[in-house]
Amino acid sequence: MDGITPQLVALQLFTGLALGAVYVLLAVGLSLIFGMLTVVNFAHGAFFMVGAYAGYALYQVVPNFWLCLVLVPLVVAAFGMAVERTLIRPLYGRGIDYPLLLTFGLAYVMVEAVRIAFGKQGLPVDTPELLQGSADILVGEFPLYRLFVIGVTVLVLAGLWLFIEKTSFGLIVRAGARDPQIVRILGIDVARVWLIVFGLGTGVAGLAGFLAAPMQGISPEMGGSVLTVAFVVTVVGGMGSLVGAIVAGVLVGVVESLAVLFVPEAAKVSMFVIMALVLLVRPQGLFGRAGLMN
Amino acid sequence: MNRTTTLASAACIALAAWCAPAGAQTGPIRIGLPVPLTGPYGAEAQDQVRNAELAIREFNDAGGLAGRKAELLVRDDKLNPAEAATRALELIEKDHVDFIVGSLSAATQLAVNNVTRQRKVPYISISQSDAINEAADFSRYTFHESLNPHMTTQAVGRYAFRKGMRIAFLTADYAYGQEMTRGFTRVAKEVGATVVGEIRHPLGATDYSPYLPRLMALRPDVVVFNNFGRDNQISIKQAGEFGLKGRTKFVTPVLTYTSRVAAGARVYDGVVGGSSYYWAIESTTPSARALNDRYRRAYNGAVPSDYGSMAYSAVRSLLQAVKAAGTSDTEKVVDALAALRYDTYKGPQSYRACDHQSMQSVLVIQSKAAPQGSPDIFSVLQVAPASADALRSCAELGFK
């Protein structure tokens with residue numbers, strides 16, 4: 001193709017980074033839940049969608065974007081914890097496919113419930129007043145709202161990292177992931193830890209859904225394509241690795257964006273190509289621990 | 001009554017060949033309507049159902065065909081060609097419909113048409129397609145009530161393109177988008193504008209950011225969004241957020257009422273596009289006023305959308321042909337449809353003999369600011385009158 005200037009490549013690269021930030025936010029909850037609980041959460045996309053709809057419903061009651069931004073992850077996390085407590089907990093210790101099948105079915109129930117409550121056709125969501133328009137980022141114009149999403153993603157990731165690596169509760173979480181039995185013998189309530197981790201993972205998914213709504217509107221099926229991306233990023237980065245999710249999300253976003261420039265037909269396939277290559281060379285993913293699935 | 005029908009149809013299955021036409025003459029007149037209720041075109045599809053029901057009710061209230069009532073069987077094709085073909089087949093084989101109307105996508109309607117023409121069931125399609133006019137896909141049983149991409153792009157392109165303009169496309173990569181690109185490219189050449197590039201995206205994409213910098217770098221005067229439904233709303237919204245709108249004119253082949261209502265005035269501000277119908281033509285068109293009033297009474301004062309009203313027209317004109325033929329017999333109804341001169345909702349229409357394309361007016365409209373909830377959302381810029389000249393010639397379509 002003609003007309004590919006360094007400036008265009010730079011802008012496309014930045015677009016890829018922004019896209020990657022969204023992907024990271026999608027994947028990190030899934031990765032967290034798998035890493036700690038070895039639950040493959042097929043309802044992750046549905047929690048994403050519930051976050052978007054919760055934001056929409058909440059906004060009708062409290063028309064304040066910033067308040068909703070804080071409340072939505074809490075609401076979805078509470079819902080996620082209820083799901084863990086009532087549906088998933090009885091399945092611990094039974095093999096990895098039990099919670100997988102459960103969450104797979106749960107996703108259908110959630111999508112159908114939202115269709116009944118809000119209708120099939122999807123709803124538009126306005127970008128908050130303050131974040132409309134675009135900003136000059138040296139290589140070109142970029143939507144303010146997407147810059148904001150990158151900022152939120154960075155904050156969330158920093159918070160998660162501090163929480164898991166630097167707090168004493170995080171230490172318990174990490175220990176629980178390594179060897180739940182020993183942790184239990186030490187007198188720690190592992191069930192409570194898992195409950196909180198599940199809430200954390202689903203809460204982040206809900207936040208991602210809330211943030212995605214002004215960019216693409218909301219519809220009951222919006223979680224479907226998200227689940228695919230989240231799984232690809234998680235597999236590439238390594239199941240259960242926070243760093244892996246970050247690196248893989250950004251990698252997938254940037255490659256997809258640059259592919260649009262150079263091989264547009266292959267843009268959508270590019271993430272699967274990356275996944276296939278990683279699986280061939282390093283089956284546990286870039287930053288994954290081997291043997292988690294056993 | 002119901003049991004008799006069941007028994008009768010059971011007997012019909014047993015005696016398939018001789019009994020089937022006779023059996024079809026007694027029960028209600030059944031019309032199948034496969035539309036994509038779920039998925040990105042759901043809003044449009046739902047209004048098609050509302051409108052089709054309106055036409056059925058109108059026919060039944062007027063006494064039907066000498067007492068025989070019409071019945072609508074709605075199916076969800078999920079915007080998937082395989083699903084649409086299956087639903088059409090079920091409607092024919094299991095539900096024994098007399099006619100099929102519907103499918104809202106260039107790809108699904110071709111799938112349905114494949115099924116209906118093999119089984120000789122009359123099919124009126126209500127979605128944009130050029131291929132369905134062409135000799136390869138045509139059959140005596142195929143009718144096309146919708147506008148087609150050729151006539152749409154001719155009207156919109158001639159309005160929006162000027163000599164020397166740079167035109168770029170953002171295209172949904174399937175039949176609809178590709179046919180629109182082909183149509184607009186032809187107009188661009190005819191008026192002396194330059195096509196500077198095309199970016200394709202998969203159907204149902206939700207994030208267009210990777211496509212937009214490339215699109216901007218083409219420095220177009222006009223960006224044409226050759227996509228539909230939710231894709232159209234999201235891509236126009238995101239292109240606006242990337243600052244593309246300040247420098248270029250946004251054009252879309254089909255600017256639908258439902259999309260504009262769903263996405264709001266700000267997203268669609270100033271966008272120009274084509275349309276088969278806008279309710280406000282009622283000021284000059286009596287049949288439009290009749291439909292609008294009927295729709296307002298039935299649905300709390302709302303007005304019918306463009307794709308919705310097309311379903312009304314398809315069902316109503318079909319039942320008009322049934323009345324004219326005096327029977328639901330397939331061959332006689334097909335003859336009656338082909339000869340029909342009808343004005344169901346937008347002025348005079350009729351099917352061209354060679355390809356059964358409905359010759360009709362094309363509107364060019366522009367989105368305008370309107371208070372939330374007001375139906376007055378478009379201004380009509382131009383009305384291209386119904387004419388065979390707006391279509392590709394029969395020879396070009398491969399008919400001899």
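Cβ coordinates come from backbone N, Cα and C, glycine included.
Remember, predicted model here, so these are calculated numbers, not experimental data.
Look at TrEMBL and you will find A:12-32, A:39-58, A:64-83, A:95-118, A:144-164, A:193-213, A:225-251, A:258-281 tagged as transmembrane segment.
Sequence-remote contacts of a segment are chain residues at least 6 beyond its ends whose Cβ falls under 8 Å from one of its Cβ atoms, and for the transmembrane segment (A:39-58) they are 26, 29-30, 33, 68, 71-73, 75-76, 79-80, 83, 88, 96, 99-100, 103-104, 106-107, 110-111, 114, 117-118, 123, 125, 198, 201-202, 205-210, 212-213, 218, 220-227, 230. Proximity of distant same-chain residues to the transmembrane segment (A:64-83), defined by a Cβ-Cβ separation under 8 Å and at least 6 residues beyond the stretch ends, is recorded for 43, 47, 50-51, 54-55, 58, 106, 128, 130, 152, 195-196, 198-207, 209-210. With Cβ pairs under 8 Å as the measure, the transmembrane segment (A:225-251) is packed most heavily against A:12-32, out of A:12-32, A:144-164, A:193-213. Within the same chain, residues 22, 25-26, 28-30, 32-33, 36-37, 39, 41, 44, 47-56, 68-69, 72-81, 83-85, 88-89, 92, 125, 149, 152, 156, 160, 169, 172-173, 176, 183, 222-223, 226 sit at least 6 positions outside the transmembrane segment (A:193-213) and bring their C-beta atoms closer than 8 Å to a C-beta of that stretch. Long-range contacts of the transmembrane segment (A:12-32) within the same chain: residues 41, 44, 47-48, 137, 139, 142, 146-147, 149-150, 152-154, 156-157, 160, 197, 200-205, 207-208, 211-212, 226, 229-231, 233-234, 237, 239-242, 244-246, 248-258, 260-261, each at least 6 residues beyond the stretch ends and with a Cβ under 8 Å from a Cβ of the stretch.
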